[in-house]
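Here the structure is laid out as structure tokens; the discussion comes afterwards.
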Amino acid sequence: MTDTPKPFWQTLRFMLSSLMVLTYYLDRLLAPSAGVEGLMIAFNTTLIPMFVFISGYLSRDITKAEISRSVIPAIITCYGFQMIDTIPFILRGEFSWVNFFIMPLDGVWFILAVPVWQWVSVMNIELRHHPLISFLILFAIGFVGLYWLQPYTGFALTLGYFPIFFLGRRIPVETIMRWRNQSWMVFTVFLLGTVLLFLWCYHYLPLAPDFMTLWQWQIDEALLTYCVFTLFNLLFGALSLYLIRYSHLLKDIAPKSLGVYLIHPILCVIILTLLERTGLRLDLPMAILFTLITITIAVGLASIYPFKWLLAPKLPAGKSIEKL
């Protein structure tokens, strides 16, 4: 294998961001097929957690000083894009300052979550807990956060996804490289096993249908769903780590993955609003076409001011959020 670590992660993040755009459109199909619904479940189980995992992996050597310098830029980026995503609510007269600050829209919570995860992870290392004990503690905190706090603030996802970030920080580099060097035969067996287990779990287990609304379900169903969700985060994540390779074709646009992630929601809203005014219904071919258009526009916007600055604010002391 000839992949170098940084370009590989950049390519993977760009692919994840692109699939998030596709997921946005697929989620708005009026009559999705069973195959599309299954794909949606797989995407919703994989995409955000993989972003979280990568952030953990790339933060393993970060210092407290670097974390402190990243906080203000993270706040600027988070609430800058929160304001952009709030524009439709303002136009409809549904804007609320309370919701603006505690209910992050379209994934912007992730930007503020990273410094929090980084700081707690550094503190955890200093406490010298056994990794398994630390993971179980974070797993329990994550479930409590999602089940009891999610109705009140979207930032509860910071707790819910923390176990994934922890795994990203603690998994050895050698383990990832060894897995990526396995034969296609080993990968195929792993893929089939994962798919069969996925189908069995979602067919026979009493799982909550939507991870984002665990708080609406009985605690036993919610806990089981959280356990299964975490398991498939790892399994689908392993599949992604194996499949995605460094691409020279994407070397210039792959670093724009954060731009695609943060800019695409408002672009999708604009495109779908225009589509609605034409009287046409969104179908699968249109969803794929709109995905390509959205990604292209998002990459272009991420390259120009003010979006370029908003994605990585440069303050007088040279602070930025490039480690996200």
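Positions of Cβ are set from backbone N, Cα and C atoms, glycine also.
What TrEMBL says about this one:
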TRANSMEM  7-26  transmembrane segment
TRANSMEM  38-59  transmembrane segment
TRANSMEM  71-91  transmembrane segment
TRANSMEM  97-120  transmembrane segment
TRANSMEM  132-149  transmembrane segment
TRANSMEM  155-172  transmembrane segment
TRANSMEM  184-203  transmembrane segment
TRANSMEM  223-246  transmembrane segment
TRANSMEM  258-275  transmembrane segment
TRANSMEM  287-307  transmembrane segment
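Residues 100, 104-106, 108-109, 111-112, 114-115, 262-263, 265-266, 269, 310-313, 315, 319-321, 324 of the same chain sit 6 or more residues outside the transmembrane segment (71-91) yet have a Cβ under 8 Å from a Cβ within it.
Tallying C-beta pairs under 8 angstroms between the transmembrane segment (223-246) and each of 7-26, 155-172, 258-275 places 7-26 first. Across 7-26, 132-149, 155-172, 258-275, 287-307, the stretch most heavily in contact with the transmembrane segment (38-59), judged by Cβ pairs under 8 Å, is 155-172. With a cut-off of 8 Å between Cβ atoms, the residues of this chain six or more beyond the transmembrane segment (287-307) that come close are 17-18, 21-22, 25-26, 28-29, 253, 256, 258-260, 263-264, 267-268, 271-272, 275. At the 8 Å Cβ threshold, with sequence separation of at least 6, the transmembrane segment (7-26) lacks contact with the transmembrane segment (155-172), having fewer than 3 such pairs. Listed as Cβ neighbours of the transmembrane segment (97-120) (distance under 8 Å, sequence separation of 6 or more from its ends, same chain) are residues 20, 48, 51-52, 55-56, 59, 62, 64, 67, 70-71, 74-75, 77-79, 81-83, 85-86, 152-155, 157-158, 161-162, 165-166, 261-262, 265, 321, 323-324.
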